[in-house]
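K.L.:
Here's the feature list from Swiss-Prot:
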| type | residues | note |
| --- | --- | --- |
| BINDING | R17, R71, T102, K163, R266, A267, R268 | GTP binding site |
| BINDING | C24, C28, C31 | [4Fe-4S] cluster 1 binding site |
| BINDING | Y30, G75, S126, M197 | S-adenosyl-L-methionine binding site |
| BINDING | C261, C264, C278 | [4Fe-4S] cluster 2 binding site |
| DOMAIN | 8-227 | domain 'Radical SAM core' |
Amino acid sequence: MVAQIKDKLGRPIRDLRISVTDRCNFRCDYCMPKEIFGDDYVFLPKDELLTFEEMVRIAKVYAELGVKKLRITGGEPLLRRNLYQLIAELNQIDGIEDIGMTTNGLLLKKHGQKLYDAGLRRINVSLDAIDNEVFQAINNRNIKATTILDQIDYAVSIGFHVKVNVVIQKGINDDQIIPMVDYFKDKNIEIRFIEFMDVGNDNGWDFSKVVTKNEMLDMIESHFDIEPVPPKYFGEVAKYYKHKDNGAQFGLITSVSASFCSTCTRARLSSDGKFYGCLFSTVEGFNIKSFIRSGVTDDELREQLITLWNVRDDRYSDERTEQTVKNRQRKKINMNYIGG
């Protein structure tokens, strides 16, 4: 283990998010709108994706640099064939203490048991409404919320620790906050509401569509008796609250109204093998895939990863204003390449 590395703003590296595919079986407007990601959209060919062997090699070196947590993302990660094999290999890396996955949940019954047997224990399921019609309008694939709720119940039944992520958009699904808090409170499943972010280039974001953390909290407090919960660790992105009657928790992620750049410890590996220091990056990522395919040693890879982190100075959300979003000259990476 080398000495702990820090970026230009003094932030250590502790988390690595690995996007295993740019494909998804949903077409949510805030991520992959169907008007752009239509039937003729060309996704990455297989040889442009990192292999599992390459992902494991990169993760091993990152573990030597201080990474403790891995998160598998997409696109929709369950579309990557034989994903359980990757989980099993990542689970053997010294120093990795936690592996999670973010998914839309549609294929959990198909793949969940193999993933659990491979060592995956934590899943975040993206579910933006509990009402079938609202959810179908969001995913644009006629998938009912009840279908995903059934998949969540299955995942819990075989032992997974499940959290639910909800991106809230004003006038689209903000009426889902109270019924979803109520539903998952009774299930004692943690739900996290996320402020609508300007990820990618095609989701039509502006401030008028954001429901802030304080607005969400006011809604929830008017219906439930709750109290705040202290953060569990440095860099925790959600502000947590618990119900006083049964202790069930929910979180609010202030990605717009109160940024958490100063405690961000995440490196991101895109589905095409590039390093990014921020979800909102407008700078082309360093191509780790090409670098390792050129025949470099692990020592050379380690030095490159150290350099990439040492020069990191991303703080996009700290600097975001409506004007900077409108005047942005360079495109950001789309979320299907980098995960949420």
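Backbone N, Cα and C atoms are what each Cβ position is placed from, and that goes for glycine too.
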K.L.:
Helix, strand or coil at A267 (GTP binding site), per DSSP?
P.N.:
strand
K.L.:
Taking only the residues the record lists as binding GTP, namely R17, R71, T102, K163, R266, A267, R268, what is the largest Cα to Cα distance between any two of them, in Å to the nearest whole number?
P.N.:
22
K.L.:
If I take the Cα of Y30 (S-adenosyl-L-methionine binding site) as reference, which of the binding-site residues R17, R71, T102 has the closest Cα?
P.N.:
T102
K.L.:
If you measure R71 (GTP binding site) to C31 ([4Fe-4S] cluster 1 binding site) at Cα, how many Å is it?
P.N.:
18
K.L.:
Can you name the residues of this chain that are 6 or more positions from R266 (GTP binding site) yet have a C-beta less than 8 Å from its C-beta?
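P.N.:
Spatial neighbours, sequence-distant, of R266 (GTP binding site): R14, D15, L16, R17.
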K.L.:
Are there residues of the same chain, six or more positions away from R268 (GTP binding site), whose CB falls under 8 angstroms from its CB, and which are they?
P.N.:
L16, R17, S19, F275, Y276, G277, C278, L279, I338, G339
K.L.:
What are the non-local neighbours of C28 ([4Fe-4S] cluster 1 binding site), defined as same-chain residues 6+ apart in sequence with CB under 8 A from its CB?
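P.N.:
In sequence order, D128, I138, N139, N140 meet the Cβ cut-off.
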